[in-house]
Amino acid sequence: MPKDKALKKVMVIGSGPIIIGQAAEFDYAGTQACRALREEGLEVVLINSNPATIMTDANMADRIYIEPLTPEFVAKVISQERPDALLPTLGGQTGLNLAKQVADAGILDQYGVRLLGTPLESIKRAEDREHFKNMCLEIGEPVPESSIISDVDAAVAFARKIGYPVVVRPAYTLGGTGGGVAFSEDELREIAVRGLTMSIIHQVLVEKCVLGWKEIEYEVMRDAAGNCITICSMENIDPMGIHTGDSIVVAPTQTLSDREHQMLRSASLKIIRALGVEGGCNVQFALDPESYDYYVIEVNPRLSRSSALASKATGYPIAKVATKVAVGLTLDEIKNAVTGKTYACFEPALDYVVVKYPRWPFDKFSLANRNLGTQMKSTGEVMAIGRTFEEALLKAVRSLETGVTGMNLPELREWDNDRLRARMARPDDLRLFLVAEALRRGFPVNEIFELTRIDRFFLDKIKNITEAEELVRAARPTDVGTPTGVGAPAGLTPELLRRVKRIGLSDTTIAELVGTTSREVHRLRRELGVEPVYKMVDTCAGEFEATTPYYYSTYEDEDEAEPQAVRKVVVLGSGPIRIGQGIEFDYCSVHSVWALKEQGVKAIIINNNPETVSTDFDTADRLYFEPLVPEDVMNILHKEKPDGVIVQFGGQTAINLARPVEKAGFNILGTSVADIDRAEDRERFDQLVAELGIPRPPGGTGFSVEEAQRIAEQVGFPVLVRPSYVLGGRAMEIVYNSQELLEYMADAVRVTPKHPVLVDKYLLGKELEVDAVCDGETVLVPGIMEHVERAGIHSGDSIAVFPPQTLTPEIKEQLFEYTQQIARALKIRGLVNIQFVLHEGRVFVLEVNPRSSRTVPYLSKVTGIPMVNLATRICLGATLPELGYRGGLYEETRNIAVKAPVFSFAKLLDVDVCLGPEMKSTGEVMGVSKDYALALYKACLSAGYTLPSSGKAVVTIADRDKDEALPLVRSLVNLGFEIVATEGTAAFLRSRAITVEVARKVHEGSPNIVDLIRENRIHLVVNTLTKGKLTTRDGFRIRRAAVEMGVPCLTSLDTARVVIEVMRARQRGETMPLIPLQEYVS
C-alpha cells in the first residue's frame, strides 16, 4: 500500500524536557521521524518545549514551535498551521496524553486533522487500565488479578480481598510516577493518594504483585495491512517489582527455552493485532520461572525507552520505520537503511549480547532512598555490546563513569555476611556488586538466588567474572619485596590475558589485582599482541553486507573494521545522561560530527548512550559503541590512527580524557590540554586572572580542615566551598559559619581525597553567563545570559534570560572585554563558557569552562549562530573572519528567550527541593516572546508550574530574607491570595499590616502546614531555606509535601518575583502570538 496521497503537511509532537522516565530517547525518535517524513516529501510542523534537542533545530522541520506542551498551545499551532495529520506516538507519554486531550476537546475534528499511526481507540485500549484488561481477557491472554480504583478506600478493600503485596499503577503517567508496591495497608494508603493525584484521569490500577517472576519484553512492529514482526526480545536481569527503566536489561533474552520464547512472541503479536497498533509497540510480560505461567503486564502503544534500546541493540531503525508505517507504507515496502538490500519486514538477528545499565543520580543526592521499585529513579542509561554476557556487563559498568571499573566495590569488604544478605534481599543500585562480593566469599549460588530471585544463569555468569579475578590474582608476584608499578608480573601470560579479556576484565581491574598500573598492563598487552578486534552491528548477523555499520570491541580473531586511509577526526561523546551533563552535550557532539562531514572529513564518534542521536546508525561515518574510559578509547585510537581528536563537545567526560589521549601521542584539536588545565586548575587560573587584572571573589585552596578554616576566616563568611574539578556543582555548598564548615569538611571532602577543597568568599549578586567562540585571536560572543536567581544557585538550575533585561551598555561592554581577555590568554580554539557575578556594581569572574556548555543549544537557536559548527571548523584550522564572522558582542534579537530548569523531584522521594550551588535539574525548557513577562509565562508553563490564579499561599521565610520578601507577599495579597504562615513569619507580616492565617509547625501537632498541603488546601508555597538539610526539619517536610501534591514550591525569592510577574501577565489575559523558530532571528 503506497503512501497516502492526501497527506501534505504533518504535525509532530515532541516529548518536552528531560525528566526521570522520559529522556533523550524521544529526541532520537523525533529526529528520525522528522527526517523520515521529509524523505516522503511531506511538510513537517513540530511543537516541542525543549531547546536542547536536535529535533528542534531549524533544519529538522519546516516550521518549529518551541512552545509549552499543553492542549491550549497544541490547539493554537493546529489552528495556525492547519496540518492534515498529527503524529503523536514519537513524543513519549507527553505526546500521547496531548493527542488524547486535543482529540477529546474536539480540536482535531474542528480542523479536520487525523491522527497518524496508532488510532486513538487503540491508544485508549492500551493506556486505560480497564479497557486493556478486558481486551486481554477477550483474546485469552492472562492478566494479574486487578481492580481499577478511583478512591483510596476502594483500593484498601480490594487489597484485603487478594492479599498483600499489591502493585499500584496510575493511568496515563510516565516512569511509574506515583506508583509503587505496597506491603501493608498504611503503605497502600500513602501510594494510592499519590498515584491518584498524579494520574490525569484520577485512576489507578491495583493488582496482584508477582514479585520474583522474570520480566520479559518484546519490541514489535505492525503496519496497516496487518504485517507484524518482533524486532527484539529483552530480559530484565532483575525480577518483577523493579521498573524496567531501573532494571539492568539484556538482549536478546538469555534464559528462556525455545518453547517459552515462542509462547511469549506469539502472545505479543496477538496483542498488537488485537490493539490495532500501527507502528512500534512494546509488550511486557511476567513469566513464572517454575512453570509456563505468564501474565501480560502492560503495553506501550508508542515509542519508548525500550524501543530506543531495541533499536540500538539490533540496528533496526524503529522510529524511522514506525513513521513510514504511519503515513501508509507497509513493512515490505520500506528498505532497511543499514543493509540497503533487505526490507523492514525482516526480523533482525543478533550474534552478540547487549546489556543496558541504568545511571542513577544517587551520587548527587546522597540522602535519597536508593531502594528500587516500580517508580523509576534513573536519569539515563548506558549500553554495551560484547560476545558474552560477562564482557557486555563489565563494559556497561565501565561506561557508567562512577569511578568503578569492575564488579568490585572496595567498601563492601568491610561488611559482614549478615549485612550483605540483608542488602541483597532489597533491590538497590548496588545489587550486582553485592552479589559479586557474596560469590567471592563462597556463598552458594542457590542461597543468592533465594535472596534476590535473579536467575541462576546470571549468577553463574557473575561467578565466572569473580573466578577470572582469582586467576589474575594468582599471577601476582609472591615476594613482597617487588615494588608495584615497576612492571607487569611475568605470570600475566598472553594466554591468561586473552582469557580474562574475553570475559571483559579491564586493564585497571587486572592492574589492581596484580599490584601494577593500568598503563603498564596496557603496554604489556600491546607488546604480547593481546588486542581487541572490532565487530559489526548489521541487523542480520552478517548475512548481508552492511552499508552503515557500527562497531563494538571484543577479544576474538577476526576483525571486521578496516581503517580507511582518509582524513578523519574522532569526536568523543558525553556518555549517559545524568544531572549536570544532559542532552545538551549530545546536541554539541552531533553538530560537530555534521560540521566535519560538511568539510569532507570522515567523522568517527565514540559513545555509549543508546538514547541519543549521536549513536544513531547514520549520524557519523563510523560509530564505536564503547565505554568512554582511557583503555577503550585508546584501543580505538590505536586502531583508527585519526588526524585528531575533539574533546570540547562531550562535557566533562570528554575533557577528562584529553590528557590520557594526548599522553598516548594523539593530537587534541581545539584548545590545548595545557590551556584546559590552566582554566580548570584553581591556582593557575587565579594567577591568570590576577595577571589580567580581572576581579575575582577572594578565596584559596585548603589542603586540610585547618587550612580551610583559616581561609574562611580571612575572607569572611559566608563562603562557597567545593572540591576541585567538579561538574554540576557536586558537593558544593554555601556555609555561613565555622561550625557549618566543619560539618561540610567531615562529609564532603571525602568526595575526592586526592584533591583539596576550594574556599571562596560568597558574593551576593546577579549571575551572568557568557558563551563565546574564539579562534585564538578573534572572539565572538553570541550573547550574554542574565540569571533570574542570584549567584549561589547553580547556573543549570537558574532561569536564564536572553537578551539581558537589566544590564547597562557599560556592563555588557565590560563583560565582553573580560571574556575576550580570558579567551585570548587561554588560547581558546573553539568554545568557552564563562560565569560572572555582578556584585555592588562590579563584575567578578566566577569560573571558566574551556568547552561547550549546557547553554550552547539554547543560545545557538535564539541567535541563529551555528556555534558548534564554527567551533569545529576552528578546530580544523579556520579563523572566524574566514568563516564570515567578525569578533565582538553580537547584535541582540528583538525576541526575548527565557530558559527554565525542569526538576524530577516527584520521582525522588527524600530529596530536598531547595535550590543551591549543587545542581538538581534534569532538563530544560524555553519560552519566547517579544514581551518579557509572556516569555517568562511560557517558560514557567513549559516547566510544568501549574500556577494558581488565587487561593491560599504558605509563606515561611528565613529571618535573613524577611525584609526582602515583604513586597512579594504584598503582591500575592494584591493578586487575591490569602496568606498562611507559621508563628514567626506571621508575627513579622502582621507587624507590617498584612492579614495572615497562622498554621502550626509540624512538631506542634495537627492540623499543621504539611496536613493543609496534603489535604489540597494550599495552592502555592514560598519557602526560603533555614539552615540545616536534615529531613526532619519543618522546611524540608513542607517542600516535599508540596512536590508530592503537585503544589508549586518556590525556594528562591528571585524565582518567586518572576512567578508573581507571570501571574500578573496571566490575569491581564494578554494574547500570546506563536513565533516559529525560523522567524526568531529574521
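Start at 1 and count along the chain as shown; that gives each residue its number.
Glycine residues also receive a Cβ, built from the backbone N, Cα and C atoms like all the rest.
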Recorded ATP 2 site member, picked from Glu707, Glu810, Glu847, that accompanies Arg722, Lys761, Leu763, Glu767, Gly792, Ile793, His794, Ser795, Gln835 in Swiss-Prot:
Glu847
I'd like the number of other C-beta atoms within 10 A of the C-beta of Asn300 (Mn(2+) 2 binding site), please.
23
So for Glu298 (Mg(2+) 1 binding site), how many other CB atoms are inside 10 Å of its CB?
17
Using Cα coordinates, what distance in whole Å links Glu298 (Mg(2+) 1 binding site) and Asn849 (Mg(2+) 4 binding site)?
45
Would you list, in sequence order, the binding-site residues among Asn300, Glu847, Asn849 whose CA lies within 10 Å of the CA of Gln284 (Mg(2+) 1 binding site)?
Asn300
By a simple count, how many Cβ atoms lie within 10 Å of the Cβ of Glu847 (Mg(2+) 4 binding site), its own Cβ left out?
15
Fill in the CA-CA distance, Asn300 (Mn(2+) 2 binding site) to Asn849 (Mg(2+) 4 binding site), as an integer in Å.
41
Sequence gap of 6 or more, Cβ distance under 8 Å: name the residues on the same chain that satisfy this around Asn849 (Mg(2+) 4 binding site), in order along the sequence.
Ala679, Val832, Asn833, Ile834
How many other Cβ atoms are found within 10 Å of the Cβ atom of Gln284 (Mg(2+) 1 binding site), counting all protein chains shown?
20
Looking only at the domain 'MGS-like' (945-1082), what is the model's average confidence as pLDDT?
86
For the domain 'MGS-like' (945-1082), the number of residues DSSP places in helix, strand and coil:
64 helix, 22 strand, 52 coil
In three-state DSSP terms, the structure that Gln284 (Mg(2+) 1 binding site) belongs to:
strand
